[in-house]
């Protein structure tokens, strides 16, 4: 018997049965309890979703921008009214502490919808004079039907981040949440419908990567926005291009450097490093997992980090005092433990954690102790590859040039940060770091106003910020001739 029963698709403004005959299960990562059995979409279901999205998008785009803005603002109100209930659902599905899901997941999703609701009326074109008798004007028009493919670490936040700019610009979206955390996207769909979004404008299709592939290759979809791993992102991008040259936004993985210089406030630096590695049990794409520390302050910094790690409160996600929960799935647990074993085998010095937690109530959950490795080398797997778990690697350095060169020696380029009291060095270093999201003397905040996305293999395009609206519209140029037409022949 599951907690939430059978979960269906959401198409054309209502829950709908899938036609595949297939289902998959989703579990509470803290207890192993069966949360729900979820119907998997078929190719026919994806076709249904696209057809309803096309119909709904025509109605949605025909509304005035102010009408769309008001409806999106109503969705924001409903999200905030139901914050606690949605936070509990997200806690059960992801394993995150309730204190975190109440304060972050729904709140930041609602903030982004509110932000784009305010910008919906600001989508405008340009007027370009050519000569006294002729001018050009441009229109920013919606793309049509967009697909959003989410990751399992921030299910409802990602659904909001992808749908908000799409809907604000007059598009429809078909969203596929991760099969690991599939529940909250359905609640967002219900809220959009209740707020007045026309049927079909936000559909949810459930399933594994095969459903994502169907969306990526579908000729009726104009854009795909994907959040997930690099290799899967490359497959999505390939399908999107080969099928119909779709627009793409890719928010992919990272192996982000945090550089602590010898003039840094070490207490502040330790606070930043611990947050940048252990928030959400390390399951954050922007985590600063490569911590470069200037040699002169390394020992003092490590001492402060370990003191803070010892204060982390690992526990049941439902306990308001817990600030560190389980990993999201058994597969992720095995992956993280494999990397920890690799770090030990390659000679990294284990300073904290390094094992699965199995005592008391941890036994049935996917818990790994917050882990810190010292004296790491750049060639170690734990330093080179994205782990997506609570594993910090500390790497000593001598000079600024050395730190920058080593920080940039990666195929990733999602995030980076520096901690220093020297303003000139802070900006100089940040300008040399090859990353799309950077922080000085802080880490992790990604407000609605801030464009986020990666360099190199960490992504294409941006989410959030004004610039993202450009990625959900296309420009139509119109020349107007007021004078006599001059024939060529």
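FYI, residue positions are counted from 1 along the chain as it appears here.
The backbone N, Cα and C atoms fix where each Cβ goes, and this holds for glycine too.
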Residue from 285, 438 that Swiss-Prot also lists as binding NAD(+) with 150, 151, 152, 176, 177, 178, 179, 229, 230, 231, 232, 253, 386: 285
Of the candidates 26, 31, 227, 249, the one that Swiss-Prot places in the K(+) 1 site of 93, 180: 26
For the recorded positions 162, 456, the one whose C-beta sees the most other C-beta atoms within 10 angstroms: 162
Candidate with the highest Cβ count within 10 Å, taken from the binding-site residues 180, 245, 285: 285
26, 232 as binding-site residues, winner by CB count within 10 A: 26
26, 93, 180 excluded, remaining Cβ within 8 Å of their centroid (K(+) 1): 27, 29, 35, 94, 152, 155, 178, 179, 181, 182, 183, 328, 329
Inter-residue Cα distance where the pair is residue 179 (NAD(+) binding site) and residue 26 (K(+) 1 binding site), in Å: 7
Integer Cα-Cα distance in angstrom, residue 162 (active site, charge relay system) to residue 232 (NAD(+) binding site): 18
Which same-chain residues, if any, lie at least 6 apart from residue 152 (NAD(+) binding site) yet have Cβ under 8 Å of it: 94, 177, 178, 180, 181, 328, 329
Between residue 232 (NAD(+) binding site) and residue 245 (K(+) 2 binding site): CA-CA distance (Å): 18
